[in-house]
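Novice: Below: one structure in structure tokens.
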Amino acid sequence: MACLDKQSDDLVFFVNGKKVIERKADPEELLLYYLRKELRLSGTKYGCGVGGCGACTVMLSTYDPVVKKIRHHPANSCLLPICSLHGAAVTTVEGVGSIKNRINPIQERLAKCHGSQCGFCTPGMVMSIYALLRNHVKPSMEQIISALDGNLCRCTGYRPIIDSYASFAKEQTCCQLRGTGQCCLDQEELGCSSSAGIRSGLCNPAEFLPVDPTQEFIFPPELMRMAQEQQGKTLIFCSKRTTWISPSSLKELLELKAKYPKAPLVVGNTSLGLNKNDCDAYHPIVLHPLRIPEMQVVSITDDGIVIGATCCLAQLRDILIETIPKLPEEKTKIYQALLQQLRTLAGEQIRSMASLGGHVVSRGSAWDLNPILCAGKSVLNLASDGGKRQIFLDDQFLAGHKHADIEPKEVIVSVLIPYSTKDEFISAFRQAERQKNAFSIVNSGLRVLFSPGTDTIVDLSILYGGIGSTTLSARKSCEKLIGRQWNDQMLSEACKLVLEEISLPPSASGGKVEYRRTLLVSFLFRFYLEVLHGLHQMVRTGQEQYSELSQDKMSALGVLQSGVPQGVQLYQDVDPGQSPQDPVGRPIMHQSGIKHATGEAVFIDDIRPVDRELSLAVVTSIKAHAKIKSIDISEALQVPGVINVVTAKDVPGKNGNDEEEAFAKDKVICVGQIICAVVAETLTQAKHGAKKVKIVYEDLQPVLTIKDAIEHNSYITEERKLEKGDIEKGFKSADKIIEGELHMGGQEHFYLETNSVLVIPRMEDKEMDVYVSTQHATDVQKLVASALNLQSNKIMCHTKRVGGAFGGKITKPSFFAVIAAVAANKTGRPVRFALERNMDMLITGGRHPFFGKYKVGFMKDGRIIAADFQCYINGGCTKDESELVIEYIVLKVDNAYNIPNLRVRGHACKTNLPSNTAFRGFGFPQAGLFVETCIVAVATKTGLPHEKVREKNMYRGVNRTAFKEEFDAENLWKCWKECLDKSDYHSRNAKVEEFNRKNYWKKKGIAIIPMKFSVGFNATYFHQAGALVHIYLDGSVLVTHGGIELGQGIHTKMLQIASRELKIPLSYIHFCETSSTTVPNGKYTAGSVGTEINARAVQDACQILWKRLDPIRRKNPKGKWEDWISEAHKKSISLSATGYFKGYVTNMDWETKKGHAFPYFLYGAACSEVEIDCLTGAHKNIRTDIVMDASFSINPAIDIGQIEGAFIQGVGLYTLEEIYFSPEGEQLTLGPDTYKIPAVCDIPEQFHVYLVPNSCNSIAIYSSKGMGEAGFFLGSSVFFAIRDAVAAARKERGLPLDFTLISPLTAERIRMACDDIFTKMIPKDKPGTYKPWAIDIS
């Protein structure tokens, strides 16, 4: 719109100490994109676009001219409009430190402590801690953990990140960094022999750079002067669509609000900014009230604390922390309740951006503070051009009733939060899918006021969020309870009244209906007990003191809070005789670790824009199964900046492969299938164009669930079947037979780097460079060449590194590359296609949902003698990797157990959902959980300890699998016994039982799980690998190979191997990129073997070169490496060699049911202990001990990192991560706001990893083993520990113990399994009588 008859001001701010002047600032432009596109600062990453992952974190520094203070805080740049930055200083990861200038200790320690794997999340981690240290030079460990609340990592499991930053804490941290679990002051040392002994810890704190705060950027004095000079100036920034106005006085703001009543007030943009993905959502006028002193006020009055509306939530938290100790305890009850919620609300970035006024006025149902503010009788101080007034922040206001609401012309100036009184009790509760940085499923604010000296209710407030569209009040229930005494009878009536008044329809958005209803009364019960406990602690005049709660009831008080995690890492040291220069076997830092931490590591979308580059956005199906009647692109072509629309008709060659189309042509087979693509000058224009494409569908009947597929006989492949022994005979001889089933949900890969591709056509011969984030460059090359009807030698694929993949970038990137390549071919211009998070999650599939049915025959002593397993997976709409996954489930379902009579049948179901694909563990996480469920069922029936039943059935000695592959189970037992010992299992199990006897509402559980994991693929050709090694005249070495860096440290290990084989320091060796031009026909990097097969190829090339140098070395044995190379060149000896590894010989014949299906097995065991809250379903991971048979680790830091990262990813699958689909087949979980992966708060408080020493593996290079996937399944130990805790609760309640739990074992499922009086009192809905919000696709 027009710029209000005033010229747009210059936007002035600083970035990394340099002044930025934007003369035509666009109010709709967000800082992240401005940094990346305009300033070419690509260290700040796009991870989600909704402020949920922390990859885009920067530090903002602002100066307040009134109080003359500088404030530093972290912020999500993906939500920050650049116009909000006027007068601010922005620091990005490049400004913290760089390889070119100076590395900051924060960056150095993170890299040296191995806190970076793929490196995509690393800059955000650095910035979160940098902002903390700018405010607190010596923070507490609690502050460090809190600072990382808003940062997600999918690779590391967080332990090394926390360890690296522990070195900055004011507490002693040396022991934690050394990873021993013991105090360095103790007399006893860990047992180490003088030869190759056990080593602890993975980094040396003595090597760390000292912290020097004087080296940091100072706040620009120019900005201080600006802040002073512009205090009275109105700032206006405008574009064609939007005008941003930043008034300097309250009077001016009120005049503007009177003139533009629909204009939103934006402070942190954490609410409005979430709508930016919707191209049509915009506001012609935006008001930015951050410079108005009255709205920033903080004052302590006689009535309470007044907080300015623009104060952020982090400021509110800090104010409360400072104020509470200064006030009488009776006055602080509401403040303590608020502080409790603030500690878990969102992440530190959002807490530092979101304002109190915005939180109040947006009235989100899941907003945690509103119920407390309402219950505590808070007052809103309003102002308009007509004057000032006060209204209560009550249920009427939250419901938006006209008589109690803010007028369109009014603004909230401040909020009065009153003191509580002696006879008043206030409590806050919330339950979310994750303890921190997650919207509440249900939250609550409760308050009761008693008549002085009695327990007679004078006033009562009960409010809930997460139930309706906003916070709801049980006002009528409260009115009926006034005058009642605070006793069990009152509680019983209160529960009944609340359930009648606060209703939740069975089709409610968000699902979990019965759980949410249960939380209503569970929270009420906890409040009831908290008040009773409070009454006991108060001495009342003329009355006996209230009796203390029983221990059973006391156990209901308090919420589970994770402590500061600490880790222990133990592994075999290298032989004392090994050359100090030889890096193999040592915990060498990731080759790109420092670059990750400085933001200088380049990912696909970090590649600088090339000349005439276009952006691409896709149009996807909104139907699960339908015919395409027509595609109308006419309106899209009219959008300014749109160059063209690409459809299946534009593909010169083959449209995809034999199984899947790149562009849907005549029919769509899932929601999210790509139909066409719009290319434009900018991504925003491309997205606008995509919105304008009109598609007409004719609906067809979809198949969505495994149950539907079975009914319709809809399968992707033929049944896979294995048999061993005589199953019928086995069942006849069994003492008992049980039958059961397991349902298991899928899992999103949630790699931090979304799928990205950049295609650049060359000037001649139709050549094309394809830069792509993939695990399988050869397939990208093949499909692009096929689509363009070219030979593969015209397509050059390049991958430097991938920001996480986990199997999710094997098949799909090839199709994304085809789409971009066809667009580039049609337009003749380079095309960039970087998926936004919601589109990536919509289009790509994940781990296969699983359904298993079992029939198990066993003896009284727990020995299983017969088992019949039927396994089903939901494969989605195309074959993808589903055939292999179901084969692996059938081959691996025995895990560590020798079942003499076994039949396994596997079916891959074909449904109208996005195709599910490879995922870390490749079927074993489902198969392993299934067989362990059977073991638990047998243990329950026999009444035997679970670990004893496991021992009864574990393989022993040299044995054969059901498909006749021979293996030795010696190391399986070694891991099992070591885990029992290292975890102190039996002693802790007794303590768990003792705890459970004393606590009714909280229970602990412990479980120990063995593992036999098969590494690699069941066909030889999958294991082949190539390498190319060049030695240059200066003695430097360039190594290339066919493997791809996904965060697993493959390049680091290749450099270690080249260093050993060529006997030169690591500093001589460099790796450039993986490219089809240097090493052709590489197989995909997956299956845990990517490193070792490429290592064999690198080794082969190096050995060839070393052999060529033999004559030179013999002639000059004391010469330097450089001398040998120079002489070899003079003698015309080739200094370049190709290495090749044919592959491990493997095979599987499904006709004979026999084969040597896998190269080798590795073994492990894990013991986990948890505590659950039976009232809410929350759980806490107390301790995990992992013992792994890694044989000889090439790099213990990388291998332990892989184990820990995989384990935490497994914890996500089994306890946290839930994908929801609507009844129409549309995925509903499309970002970190709705899909929760583990965060810092989810890792065990004690996390111990032990690599078994003196183990060997004659098959792999240097007797190593592939560690990439094995740790994943061990996350199930947390699942079974939770089950153990639930069983203890059920046993105490007299409930059946032969119950089945669905994975993931979320708070909802834990709570509902702990059946009690509260789950029984809620209304139940009969399935089939309503349309659910989401369906169970497993």
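One is the number of the first residue shown, and numbering goes on along the chain from there.
Using the three backbone atoms N, Cα and C, a Cβ is placed for every residue, glycine included.
TrEMBL labels come from automatic prediction, so no person has curated them.
Heads up, here are the entries from TrEMBL:
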| type | residues | note |
| --- | --- | --- |
| ACT_SITE | E1269 | active site, proton acceptor |
| BINDING | C48, C53, C56, C78 | [2Fe-2S] cluster 1 binding site |
| BINDING | C118, C121, C153, C155 | [2Fe-2S] cluster 2 binding site |
| BINDING | L265, V266, V267, G268, N269, T270, S271, L272, D368, R430 | FAD binding site |
| BINDING | Q775, F806, R920, G1087 | Mo-molybdopterin binding site |
| BINDING | F922 | substrate binding site |
| DOMAIN | 9-96 | domain '2Fe-2S ferredoxin-type' |
| DOMAIN | 237-422 | domain 'FAD-binding PCMH-type' |
Novice: Could you give the Cα-Cα distance between C78 ([2Fe-2S] cluster 1 binding site) and N269 (FAD binding site), in whole Å?
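Specialist: That separation, Cα to Cα, works out to 10 Å.
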Novice: Relative to the Cα of R920 (Mo-molybdopterin binding site), which of the recorded positions C118, C121, D368, E1269 have a Cα no more than 10 Å away?
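Specialist: Close recorded positions: E1269.
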Novice: Could you put numbers on the helix, strand and coil content of the domain '2Fe-2S ferredoxin-type' (9-96), residue by residue per DSSP?
Specialist: 16 helix, 31 strand, 41 coil
Novice: Round to a whole number and give the Cα-to-Cα distance in Å for the pair C48 ([2Fe-2S] cluster 1 binding site) and C121 ([2Fe-2S] cluster 2 binding site).
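Specialist: About 11 Å separate the Cα atoms of these two residues.
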Novice: Return the residues near V267 (FAD binding site) by Cβ distance under 8 Å, restricted to its own chain and a separation of at least 6 in sequence.
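Specialist: Residues satisfying the criterion: H288, P289, L290, T310, C312, M353, A354, S355, G357, G358.
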Novice: Test of understanding: give the count of other CB atoms lying within 10 angstroms of the CB of C153 ([2Fe-2S] cluster 2 binding site).
Specialist: 31
Novice: Could you tally the C-beta atoms, other than its own, that fall within 10 angstroms of the C-beta of D368 (FAD binding site)?
Specialist: 28
Novice: So among the binding-site residues C53, C78, who's got the most Cβ atoms within 10 Å?
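Specialist: Ranked by Cβ atoms within 10 Å, first place goes to C53.
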Novice: Counting other Cβ atoms within 10 Å of each Cβ, which of the binding-site residues C48, C118, C121, C155, L265 scores lowest?
Specialist: L265
Novice: Can you name every residue in this chain, apart from C118, C121, C153, C155, with its Cβ inside 8 Å of the center of the Cβ atoms of the recorded [2Fe-2S] cluster 2 site?
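Specialist: Close Cβ neighbours, site residues excluded: S116, Q117, G119, F120, T122, R154, T156, L752, G803, G804, G1047, G1205.
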Novice: Which of the binding-site residues C153, D368, F806 has its Cα closest in space to the Cα of C56 ([2Fe-2S] cluster 1 binding site)?
Specialist: C153
Novice: Given the recorded [2Fe-2S] cluster 1 site (C48, C53, C56, C78), which additional residues of the same chain have their Cβ within 8 Å of the Cβ centre, ordered by sequence?
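Specialist: Leaving out the recorded residues gives L32, K45, Y46, G47, G49, V50, G51, G52, G54, A55, N76, G124, R837, P1232.
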Novice: Assuming the binding residues for Mo-molybdopterin are exactly those in the record, Q775, F806, R920, G1087, what is the maximum CA-CA distance in angstrom, rounded?
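Specialist: Greatest Cα-Cα span of the listed binding residues: 13 Å.
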Novice: Looking only at the domain 'FAD-binding PCMH-type' (237-422), report the model's average pLDDT.
Specialist: 92
Novice: Show which residues of the chain containing Q775 (Mo-molybdopterin binding site), separated from it by at least 6 in sequence, have their CB under 8 Å from its CB.
Specialist: V802, A805, G807, K809, I810, P813, I1044, L1046, Y1084, T1085, A1086
Novice: Which chain neighbours of the Mo-molybdopterin site, leaving out Q775, F806, R920, G1087, have a Cβ atom within 8 Å of the mean position of the site's Cβ atoms?
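Specialist: For the Mo-molybdopterin site, the extra neighbours are A805, G807, G808, I810, A918, F919, F922, L1046, T1085, A1086, G1268, E1269.
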Novice: In Å, how large is the greatest distance between any two Cα atoms among L265, V266, V267, G268, N269, T270, S271, L272, D368, R430, the listed binders of FAD?
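Specialist: Answer in Å: the longest Cα-Cα distance is 28.
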Novice: Could you tally the C-beta atoms, other than its own, that fall within 10 angstroms of the C-beta of G1087 (Mo-molybdopterin binding site)?
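Specialist: Result for G1087 (Mo-molybdopterin binding site): 26 neighbouring Cβ atoms inside 10 Å.
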